[in-house]
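Okay, structure first, notes after.
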Amino acid sequence: EAEEKDVEADEPEVEPVRFGWVTGVMIRCMLNIWGVILYLRLPWITAQAGIGKSLFTHGHYLFSSPSPGLTWLIIIMSSVVTSITGLSISAISTNGKVKAGKASSSSPNGRGTYFLISRSLGPELGGSIGLLFSFANAVAVGMHVVGFSETVKDLLVEFDGVMSDPTNDIRIVGVITITVLLGIALAGMEWEAKAQVVFFFVIMISFINYFVGTFIPATPEKMSKGYFSYRTNNFLDNIGPEWRGESGSFFGMFSIFFPSATGILAGANISGDLKDPAVAIPQGTLMAIFLTTLTYLAIAATIGTCMVRDASGNLNDTLASANFTSGDCVGRACEYGWNFTECAVAGTCEYGLANDYQTMSLVSAFSPLITAGIFAATLSSALACLVSAPKVFQCLCQDNLYPLIGFFAKGYGKNNEPLRAYALTFLIAVAFILIADLNTIAPVISNFFLCSYALINFSCFHATITNSPGWRPSFRYFSKWTALFGAIVSVVIMFLLNWWSALIVIGIIVVSLAYTTYKKPGEGSLALDLRTSGPNVKESWPQCLVLSGPPSFRPALVDFVNAFTKKVSLMICGNVLGDSSCFENYNEQLQWLSTRKIRSFYNFITTGDLRAGARSLMQVSGLGRLKPNTMVLGFKQDWQTDSPQNLENYVGIIHDTFDFSAGVCLVRMRDGLDVSRKVKAQDLSTKKRLQPLLLFLNSESIFVGGGAVNRKGELRGLRLNKVESTAIASWALLVDFHLVGRWEKRVLDQMGLWPDSLGLHLHPYDFPPLASTGLTLLIPYLLTRRKRWSHCKVRVFISGQIANAEEHREEIDLLLTKFRLGFTEVVVLPEIMWRPEETSRKEFEDIIAPFRLNEGQKGQETVEEMQKDAPWKVTDEDLRVYKKKSEQHMRLHEILQDHSRNAALIVMSLPVVRKGACPSALYMAWLEMVSKGLHPPVVFIRGNQEDALTLYCQ
C-alpha cells in the first residue's frame, strides 16, 4: 500500500481547463444576458411600453419624433446600471492577480464574484454580495427553465400533445429539464463550455433568421396574426405606451425586463477558471453589455415596426377594398385590409404584439430556428446560472462567515466541484419552477440583482474614498463618482419597483453586513482597526514613529511623513529627552501640529540615552494594530564630528528597529532637517513684536480663534516664555510660522511639494525580493496619490547587464504593472556594475580616513583590543570584506549625479549588514558617499521583511 501511495503521489496534477476572454467571459455573459426575456417577453414589453412616446400635436397636424421612448428607455436604463457595475467589476478584477484554482478543497476552482470582492474590499461586503448572487442565480435557473418549458408547452398545444393542463405541463417539463442540466453541469467545466459555444452559434443563427424574416413580405396567414412587414404607420402606432394587465406600468415592465440584463457577472463568477481574469473580465464583460444592448434595441424597433398590437389569427377577418375607410373598423390593420375590431374591443385577441409571446417566431423566415434559439438562450442561461450559483456559494461557505453553512463548502473531484451546493441550487430552482409563471418570477430576481449591483458599486466607491493601500485597480476607466451614481440609481429603482420588497432585501443585507463586520471586519470597513488580529498585506499602511524631537524643530521631516500618512494612517512624533524640562512645551508642540493641519500624535520619553529612548518609544507607542511599523529619522549630518558613542547609538537605532520587525525610513536633505537654532533665534524677535500687542490687550478686547477674549487681568504679569495654551500662544505660533516662512518655503520646495520627477533607485542586491523593497515601492506610490505629487513622474532605476538589459526591463515593468502602482518608466543601469572612478575612490577614502583603526603591523591581540575600545573604527579587514559593497556605493553616487541630479526626490533602498559585523563609521560612510552633494532630498527605505505589496487578490 505504501508503494501504491508513493506512485500516486508522483503522478502530476491535471491542470484544470482555463478560458480566454472570448469563450470564458464574452460569450458566457452574452448567453446569460440573452435569456428567456429576449425571445418571450421583449416583444410583449414593446407592445406595452411602446418603442417611444414622442407624439406631439400642433393644430391639425400630427408630428412624430423617432427619439427613443419607453422600451428603449427601459433597455438603456438597464444597460446604464449594468455598464456602471461592469466598470466596478472591471476595477475589482484588475485589483490584483486572481490565483488560479487548483483541484483541492482549499483552493476552489470557482473563485467568483464573491472571491474578487471579499479579497479586494473585505469579507463583510463580499459575504453579502455572495449571498445575494447565489440566491438570485438559483432563482434565475428556475426563471430560464420556466421560459424553456413555456415554449415546449406551446409546441405541445400546437401538436396536440398536452399532458395535463398548461400550468402543470410547464412544471413537468421544467423539473425534467433542470435534472438534465444538472447532469451536464456535473460533467465538468470542459463539457459545459463546449455546450455554451454550441448554444451561442444557435442563437446567432436565430437572430439572422429573425432579421431576414422582417424583410420577407407577409403572407395572409401571418397578416391574420398581426405581421405586416415594415410599415411606417406601425412604428407610429407602437411608439407610445398602451398599458394592459396587472403589470401594465413602466416599472412593472422594467422589473420584468431587468433580469435579461443581469448576466454580466457570468464571467466573473468563474474567475478562477480564466487564464487572465484581469484582462478577460473587463474586455469580455463590457463588450458583452455593448453587443447585447444593441441587439435589444434593434429587436424592439424592428418588431414594433412590423406588427400591430392586436390580431385574431382568423383568415376571414378581412375588409373589402371599398370599405377601407369604414368607420366600423378600428386599428391600424384596417389600412392593410384586415378587421380585428371585434377581438380588440372585447380583449379576446390571441395574436398580435400585445397578446402572443411567440411573435419572434411569427416574424422570422423559418420559425423552427427561433424555437431553437429560445431553447439555446434559455438552456444556456440556465446552465450558466446553475454553474455560477454553487461555486459562488461554495467560496462563501469556505470562509465560514455565517453559521450553519460550512456543510456546503466541501468539494469533490479534481475540479473541486461543489456537489452539495449544486443540490441546494437544484432545490431552490425547482421551488420557483413550480410557480410556473415567468411574469411572477422575474420581478423577484430584479430586486436581488439591483441590490447586488448597488453593493458592488458602493463598495468600490468606499474603497476609493478611504484610500486603502490594497485598493489599486489598474482599470483606467473606473471613477468613484460613477460607482456612487450606480449605487444610488440601483437603490432608487429598487424602491420604485416594489418598496416593501426592497425593504426586505435591504434588511437582509444590513443584518448580514452587521454580522460579518462584527465577526470578521475587513479593510473596506475600517481604515484602522484596533483589534489584535494579525496583519494583512492588503491593509499594509506605513504607520510611522518619527524621531523628530520637538516637531517644530524638524518641519520638513514631519511634513514629508504627513504627506503619505495624513487621514489614512498612524503618525507619532517622538522626542527623546535628557530630563523633563521640555514638558512645558508639550502643548505648544501639539498646537504647532494642529496649526499646520498635521494628523499626528506627539509623545516624549525621558532618558539619558537616545538609543534607549528610541527603543522604548517603539515598544510603548500604539495599541494593537494601531502600532508603528516604520521608524522615520533624519540623516545624522554631524556623524563625522559628533562623539563616537552617539554615532554607535544612531546606527544601533536602525538595527534595533529591525529587531522590532519594523521598517526604517531615513531622510536626508542637503542643508539638514534641524531648524531648532533658527526657531530659537526667532523667539527674542517674537517677544519684542508681542510687547505692543500686550499693551493693546490690557485695554481692549480682541477676537482670537473666532471668539471675543477680554485680556484684562488675564495677561497682566504673564511671562512670554510660558504662554502655554492661552489664546495668545496660538497667535504667537502663527507669528513664528510667518517669521520662518521664507526658510520653510525653501525647505518645502526642496522636499518637492510641486515636483515634476521622482527617482526611485533600487539596489542591485535588493531587487526583486519584495519583503525588503515592498515598502520602498509603496511609499512613493502613496506620495503620488496626493494632489501635490499627483503629476509627478516616477522613474524606477534597476541594475542589469548590457546583454539582457531590455529583457530585464520588460520583466520589471511587467512586475510593476501587476502591482498596479502606475510606475511606467523603468531604466536599466548596466553601468552600476562598473568600477568606480578614481575621484570617487578618493572621496570615499577621505570620508573614512578619520575613522581608520590604522592597525598597521600590530599583533592580533593588540588589534582586537583596539577594536574593543573603538568598535566604530574601520580595519583593513573590514575594507577587504566589504570592498565590493563599498565600490557599489561609490558607483551609485556617480549614477545619482548623472541621472537624478534634478529630481524632486530620490528614494532608494537602505543598505543593511549583519548586526555587529560592520563598523558604524563604515556604514555611515556608505550613506554619506551615496547622498553627498545632491540637491534633491534622499530617502533611504528598508522594509521589515514582511510583504508590503501583493500581486494577488487574496
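Glycine is treated like the rest: Cβ placed from N, Cα and C.
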According to TrEMBL, which listed range is transmembrane segment: 378-399, 444-465?
444-465
Feature transmembrane segment in TrEMBL, mapped to one of the ranges 129-149, 717-737:
129-149
Residue list, the transmembrane segment (19-40) vs rest of chain: Cβ under 8 Å, 6 or more residues beyond ends.
140, 143-144, 146-148, 150-151, 193, 196-197, 199-200, 203, 256-257, 259-268, 270, 273-276, 279-281, 283-285, 287-289, 291-292, 295-296, 299, 357-358, 360, 370, 373-374, 377-378, 380-381, 384-385, 438, 442
Any chance the transmembrane segment (477-496) and the transmembrane segment (129-149) have 3 or more Cβ pairs under 8 A, given the pairs are 6 or more apart in sequence?
no
Would the transmembrane segment (170-189) count as touching the transmembrane segment (444-465), if touching means at least three Cβ pairs under 8 Å and pairs must be 6 or more apart in sequence?
no
Among 70-92, 195-216, 250-268, which stretch has the highest count of C-beta pairs below 8 Å with the transmembrane segment (129-149)?
250-268
I'm checking region-level scores; what's the whole-number mean pLDDT for the domain 'SLC12A transporter C-terminal' (554-689)?
83
Restricting to the same chain and to residues at least six past its boundaries, which positions have a Cβ under 8 Å from a Cβ of the transmembrane segment (280-299)?
19-22, 24-30, 33-34, 38, 42-43, 68, 72, 75-76, 79, 82-83, 86-87, 89-90, 93-94, 207, 210-211, 260-261, 263-265, 267-268, 271, 274, 360, 475
Under the DSSP assignment, what numbers of helix, strand and coil residues are found in the domain 'SLC12A transporter C-terminal' (554-689)?
68 helix, 26 strand, 42 coil
